[in-house]
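**Q** Below is a structure I'd like to ask you about.
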């Protein structure tokens, strides 16, 4: 084995707090991203529990209608804009430069800017609660409702624009990093899958987020300067907002899931002790999802009657194809593997099964006649939570358990992890599976309460119990993390027998990441070394 | 072993900085794409353009007229296109190591940009409609306003380039910021040409 020596730069010592506030190290920024986004995950989760508490029984008066509208709006906004989208930037920040054998991101200071835009934007979004109420129009902010909502929506608009700037410049940073900073020998088609999914995600962010920013600017002008963009009385068009919003927000659902797919695709091969089945097919499927992602936005708008239904229905079925390809990549990887069930693998398998349900019930809605029946019912709420919780959140935890030894140098306890997984898996299905039935039974989404005569009480109560069980599932996780932090850093470079370059360096890595790099002949250089394939 | 094993990290062509900057410009294109889409949807929705039928009696009584003046923006367009040429002459100068040429052309470009902004503000003051006067006023001021902000951003960018060239920071080999600035300025120029065509020429 040959290795390539990398010169080691010198570092100045700074006070601990100043070091974290001014750092441009991708690893420290990645950790800051993870802490911040997990904080907002907790906030969004508490809001969700309040929503579920209100819906637990019929004719409930736990919160009033206005408060309820703010709760579900801020739940979705926090989870989507302040948790899921930036948490991938957190993982990407820490892992991508390590996986491609780089010393840092291409633009470390822009990287710091991307992160530091997020906490103030989050505070701005939530500051609405102090000024007569946060945004209460749903995270989709449809007009004409959004034209008359309170000042909380203005704060929300500005916050989302700031988060969009963070996301856009971060995307350019990731793209340049992966295009230009790869280790010697690592061609594009030897990049680890997680990097590929981050790359396609970055392309979607770069091209879709500014369109949302333009729409948000229009909404702000309509609300504050008397504009008529979304007001038919002045010649505007309310459906225009939906088109602009979903032109961003449909690609955005792939922004929210593709890096999760990438994490799963790193974990399954390691714990099945097999290379990923069909690496190139997976890469092309990821590109396919990215490309098709721009052609399906109007399937959110079938019932407006203002979109070309056959086209958007057909394209939506089409986007199921590359997703199906990935399913077979994952199943093919597991097939005849020497599978072990450590915590990352448990959550990865949780992702596989739950995301499959989310994919299938999503395809239902692609069929226009079916969509007319289930549009804006709890069926859609079930679908979105099966892909974003069953998919993305399970992948977040899979990634946390998988890379925790690398990032913090300590291993999380397996028994607590199993308890966490079991509680979360059961709680998740209790919370969200009944929503399918509620939706088919006609329960509309976003209603603050419902009559006892509707017959929705039992299923809603089950759903609420499930939601609180998810909350309980976080307790073993938090205990696990705290206990790990109390232990000394004892993890070797490669505790899992990983395949990719992040496992080549120490845990946690030094500031400069690598003292040396192995030769890269495939997307799994460490596997090659272990199995003596390095020479070909 | 076969050819595909010999992969190297080629550092030819665009630098990381320029690549990142071009990606940033791509995101800007998408931003203006959203605004243009709003404009064309409004036009396709309207029975006639300008949509005078949308004016309320109060707006008519207040003297609102949905009309724009052609010649002042036309002259401003010529000036902005000229400034694109001058900033490029600045880039050509520094590529040959001619720093005083860079300073001169950047200065001229800044002046042209400022004149454009002044003409735009003057043009605004002469119009008989506001941002609240139908979708016509809303789209007109939003599109030209966001473009104007980008012109202002470009003028500030060129001001920084001017200050840095006066400080002697650029050479024939090292002037990436100048190139980035010229890219940005050309982008602002191209957006204006599209805007001018859309708002003033398409009947």
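Cβ atoms are placed via backbone N, Cα and C, with glycine included.
Nobody curates TrEMBL annotations by hand; they come from automatic prediction.
Not my notes, these are from TrEMBL:
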{"type": "DOMAIN", "residues": "A:14-521", "note": "domain 'Cytochrome oxidase subunit I profile'"}
{"type": "TRANSMEM", "residues": "A:32-51", "note": "transmembrane segment"}
{"type": "TRANSMEM", "residues": "A:71-91", "note": "transmembrane segment"}
{"type": "TRANSMEM", "residues": "A:112-135", "note": "transmembrane segment"}
{"type": "TRANSMEM", "residues": "A:155-181", "note": "transmembrane segment"}
{"type": "TRANSMEM", "residues": "A:193-221", "note": "transmembrane segment"}
{"type": "TRANSMEM", "residues": "A:252-272", "note": "transmembrane segment"}
{"type": "TRANSMEM", "residues": "A:279-299", "note": "transmembrane segment"}
{"type": "TRANSMEM", "residues": "A:311-331", "note": "transmembrane segment"}
{"type": "TRANSMEM", "residues": "A:343-364", "note": "transmembrane segment"}
{"type": "TRANSMEM", "residues": "A:384-404", "note": "transmembrane segment"}
{"type": "TRANSMEM", "residues": "A:416-439", "note": "transmembrane segment"}
{"type": "TRANSMEM", "residues": "A:459-486", "note": "transmembrane segment"}
**Q** Hey, which bits of the same chain come close to the transmembrane segment (A:279-299), Cβ under 8 Å, at least six residues off its ends?
**A** 189, 193, 196-197, 200-201, 203-204, 207-208, 243, 246-247, 249-251, 253-254, 258, 261, 265, 307-308, 312-313, 315-316, 318-319, 321-323, 325-326, 329, 365-366, 371, 523
**Q** If you count Cβ pairs under 8 Å, which stretch among A:112-135, A:193-221, A:343-364, A:416-439 touches the transmembrane segment (A:155-181) the most?
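**A** Between the stretches A:112-135, A:193-221, A:343-364, A:416-439, A:193-221 has the largest tally.
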**Q** For the transmembrane segment (A:112-135) and the transmembrane segment (A:71-91), check the count of CB pairs under 8 Å (sequence separation 6 or more) and say whether it reaches 3 or more.
**A** yes
**Q** Do any residues, 6 or more residues outside the transmembrane segment (A:32-51), come within under 8 Å Cβ-to-Cβ of it, and if so which ones?
**A** 20, 23, 62-63, 68, 71-72, 74-76, 78-79, 82-83, 86-87, 89-91, 93-94, 115, 118-119, 122, 126, 400, 407, 467-468, 470-471, 474
**Q** When each of A:311-331, A:384-404, A:459-486 is checked against the transmembrane segment (A:416-439) for Cβ pairs under 8 Å, which one has the most?
**A** A:459-486
**Q** Take every residue in the domain 'Cytochrome oxidase subunit I profile' (A:14-521), average their pLDDT values, and give the whole-number result.
**A** 96
**Q** Sort out for me which stretch, of A:71-91, A:311-331, A:384-404, has the most Cβ pairs below 8 angstroms to the transmembrane segment (A:252-272).
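**A** Per the Cβ count, the answer is A:384-404.
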**Q** What residues in the same chain, six or more past the boundaries of the transmembrane segment (A:343-364), come closer than 8 Å to it by Cβ-Cβ distance?
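**A** Counting only partners 6 or more residues beyond its ends, the transmembrane segment (A:343-364) has Cβ contacts under 8 Å with 257, 260, 263-264, 267-268, 270-271, 316-317, 320, 323-324, 327, 330, 370-371, 374, 379, 382-383, 385-391, 394-395, 397-399, 401-402, 412, 414, 417-418, 420-421, 424-425, 428-429, 436, 496.
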**Q** Give the nonlocal contacts of the transmembrane segment (A:71-91) in its own chain as ranges (CB under 8 Å, at least six residues past its ends).
**A** 30-34, 36-38, 40-41, 43-44, 47-48, 50-51, 54, 63, 114-115, 118, 121-122, 125-126, 134-139, 156, 159-160, 163, 166-167, 170, 174, 194, 198, 201, 252, 255-256, 259-260, 263, 388, 392-393, 396, 399, 403, 446
**Q** What else in the chain is close to the transmembrane segment (A:384-404), if you only count residues 6 or more beyond its ends and a Cβ gap under 8 Å?
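**A** 34, 79-80, 84, 87, 91, 94-95, 253, 256-257, 259-261, 263-264, 266-267, 270, 342-345, 347-348, 350-351, 353-355, 357-359, 361-362, 410-412, 417, 420-421, 424, 428, 431-432, 435, 477, 484, 496, 502.
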